[in-house]
DNA sequence: AAGATACGCAACCGCTGCGGA
DNA sequence: CTCCGCAGCGGTTGCGTATCT
């Protein structure tokens, strides 16, 4: 029945109502939220708003090197299983990880003129980018690096059983100087993919991919 | 300065799986 | 066993903002 379901951006009042409800009753039973609070939103919408925005400890923006590493690692193994990947980054939502992948990684794959889901791109990610990222993080943090650094006591870790060793041990010798300079250069917390994508590196990667 | 274009993110949509009746 | 409703997931869209021309 037409119950004037509201769509679009949430207002502060709606956020407040939803937060209050979940604080009192806990997560779940999303369809009853609308009835109880008077919100003109679907249960789905309430759930999404809570999980992606209102939930405590949700962090947005500034994907760190460590987080990038986890995302790249897990995506190379599981593909677009965003919620599964998000379990390893408890402060990040599956939606944000998905957006990060689409806006950053896919864009760069396009620059390389290959499909982001192609084996070639995945192999490049797994055999070259990730090991290099590991090196960068180790270098900047001055410590040996577990695959997942965002873990807490209640957070799953990437165990050996869930992770291919060969991705980390991949032989990257012979990948030339193009990767030595500028790879994952830090620019404060904002550092990220972008520095990777110099013209030189893109040309080099294209060569490697299509030779 | 203004319009066009690109980008990033929040939110919606459709599908699937699961559990209860 | 089947049906139904709900929660969750992944893909997609739309809008606000930033950048370019």
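A Cβ is built for glycine as well, from the same backbone N, Cα and C atoms used for every other residue.
Of the given residue ranges A:102-123, A:124-145, A:146-167, TrEMBL assigns the label region 'Disordered' to A:146-167. Summarising model confidence by region, the domain 'HTH myb-type' (A:59-109) averages a pLDDT of 86.
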